[in-house]
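Since the structure comes first, as structure tokens, the remarks are kept for the end.
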Amino acid sequence: MKTYKLAIIGFGNVGQGLTKIISDKKNLLIAKFGINLSIVAVCDLYKGSIYNSNGFDPETLLSDLEKNGDLKSTLAPITGWNATETIDNSGADILVELAFTDLQTGEPAVSHIRQALNNGMHVSMTNKGPVALHFPELRKLALSKNVQIGIEGTVMSGTPSINLGNEMLLAAGITKVQGILNGTTNYILGEMSSGSKYKDALKQAQELGYAEADPTGDVEGYDAAAKVVILGNLLMDLSLTLDDVDRQGISHITNADIADATSLNKHWKLIGTVEKHSDGFSASVKPEMVSSEHPLASIKGATNAITYTTELLGDITLIGPGAGRLETGYAVIEDILLIHKKST
Ligand SMILES: NC(=O)c1ccc[n+]([C@@H]2O[C@H](COP(=O)([O-])OP(=O)(O)OC[C@H]3O[C@@H](n4cnc5c(N)ncnc54)[C@H](O)[C@@H]3O)[C@@H](O)[C@H]2O)c1
Ligand SMILES: N[C@@H](CCO)C(=O)O
């Protein structure tokens, strides 16, 4: 059995979802895959930082957090390390980077990731900033250090959109990727069509753990645009930046707009697209009215859907969760399973 020591940076929705899965699926991961996941360090800006070389009991972490609102009273041999100290001193095999997404600089996550890779650690991240802004550089660094980077959770949470595209469909020649790439906005649009106000629907999406810490990223389409960039660059060999994406969000859509769509038997959806053309590419995120018969009309709540158009297989559509605590925590498990497979 192989034990992987994990250092988690950021103990919000995803960090807690991951911890719950590590607790609930411990025996399955050992029995089916021969891997034991040991959380040796948790570092969070507000909830505190703790380190134990023998690993923490995941249920204790979650119950302490529920009881106290933070991990500051959790019994630990060492407390108070910042992210840099955690990466340098924890001796972890895998850095799990789950801090806030910053789509302007990718910081501080990108610095955490460079530091971890330079230290010979594998990295799993659900943080979209480093992937949308710096992935070629990070991938090269990982290669030179003979370690792996997992990014499954950056698109469609734990629904394996990245691995399906990258591991299975790349050789089929992906020419276009299109779909619903943001859970928060799909949830809000659906709730509004059931009569909720925009503000209330957004609040619910935040409470359910779907929205970004700053939900402007969701509702103005930046989050979906980052996913368009990630998919275009990874799967279609493009060199997109966020500025290349013609972006529009949903914050201007009113209940009257929703009612108009309903009267036409249509639904508003925020649709992301990246397509290769003979003379270049196009990339966009915009709200569109789709008819009730359209395949994307039935995608409800925080569910996402992606259609990969390929030269050899035509269209392949993947539907599944696009956000959520456990749903995104599971993406880290997928990354670790792939890291394990590729390094043994
Ligand atoms: N929630 C989802 O459904 C989802 C899905 C896919 C990807 N993501 C991405 O995963 C990451 C985590 O999402 P979340 O929903 O858990 O966010 P969250 O806001 O609930 O939690 C983030 C945590 O990171 C901590 N943090 C921020 N900067 C830090 C730093 N420098 N050092 C240590 N801790 C720091 C914060 O205190 C917070 O507790 C984000 O980058 C988000 O974009 C989230
Ligand atoms: N805030 C994002 C999380 C998943 O990346 C969403 O709602 O889709």
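Every residue gets a Cβ built from N, Cα and C, even glycine.
Just so it is clear, the model here is predicted, and its values are computed rather than measured.
Features reported for this protein in TrEMBL:
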ACT_SITE  LYS227  active site, proton donor
BINDING   GLY10, PHE11, GLY12, ASN13, VAL14, GLY15  NADP(+) binding site
BINDING   LYS128  NADPH binding site
BINDING   GLU212  L-homoserine binding site
DOMAIN    10-149  domain 'Aspartate/homoserine dehydrogenase NAD-binding'
DOMAIN    160-337  domain 'Homoserine dehydrogenase catalytic'
Other C-beta atoms that fall within 10 angstroms of the C-beta of PHE11 (NADP(+) binding site): 27
Local backbone state of ASN13 (NADP(+) binding site), from DSSP in three classes: helix
Spatial neighbours, same chain, of GLY12 (NADP(+) binding site) - Cβ under 8 Å, 6+ residues apart: ASP44, LEU98, ALA213
Per-residue Cβ crowding (10 Å cut-off), top of binding-site residues GLY10, GLY15: GLY15
Sequence-ordered recorded positions from GLY10, GLU212, LYS227 with Cβ under 6 Å of an atom of ligand 2: GLU212
Recorded positions close to ligand 1 - of GLY12, ASN13, VAL14, LYS227, only those whose C-beta is under 6 Å away: GLY12, ASN13, VAL14
Output field, NADP(+) shell: CB within 8 Å of site CB centroid, site GLY10, PHE11, GLY12, ASN13, VAL14, GLY15 dropped: ILE8, GLN16, GLY17, LEU18, ASP44, LEU98
